Amino acid sequence: MPIGVPKVPFQIPGEEEASWVDLYNRLYRQRLLFLGQEVDSEIANQLIGLMVYLSIEDENKELYLFLNSPGGWVVPGIGVYDTMQFVLPEVHTICMGLAASMGSLILVGGEITKRLAFPHARVMIHQPASSFYEAQTGEFILEAEELLKMRETITKVYVQRTGKPVWVVSEDMERDVFMSATEAQAHGIVDLVGVE
């Protein structure tokens, strides 16, 4: 039986009594953000809005983005990645569970030296995919060209953020490459592995 999002007490400064707010709103006030689903436009826009708002509120206080995501849409995910690079506070990324596909790109986008994976976390990288098989021939060609541009962009991000040579990243992106937390650290996707 689903319980919904739990409510927790939170005392707003200046108020005498605590009010009940949902758990995630309370954690956002502590600058703790969560991506616990597939990346789509809605969740990407929520995360982007939160990062921008919290950056305006205090540009020196770091943000923490917890990830447990099977991946998702490329363009919204790149929007989240770009926002992480744009906002002034450093963004720590923490993989708890799975950071696959676009989730791993967001994970690698955290502040270098502040990207962490829990000990039993899994990370997966691969090339971007498309639904071009449903398109007509002309659309197929245009979509294939766009897909190649996105693959090039994503490859550049992994190369820049991991320090691995282009040929290594390109080869790894040819297929699904699953990694343990320690393998992701050796690959340069995370900097630290949490201890049990």
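Cβ from N, Cα, C; glycine included.
Sequence annotations record features per position, and here TrEMBL assigns active site, nucleophile to S101. Sequence annotations record features per position, and here TrEMBL assigns active site to S101, H126.
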>> Using the alpha carbons only, what distance in Å do you get between H126 (active site) and the residue listed as 'active site, nucleophile' once rounded?
In response: 6
> Under a criterion of Cβ-Cβ distance under 8 Å and sequence separation of at least 6, what residues of the same chain contact the residue listed as 'active site, nucleophile'?
Replying inline: P70, G71, G72, M124, I125, H126
> When a 10 Å sphere is centred on the Cβ of H126 (active site), how many other Cβ atoms does it contain?
Replying inline: 17
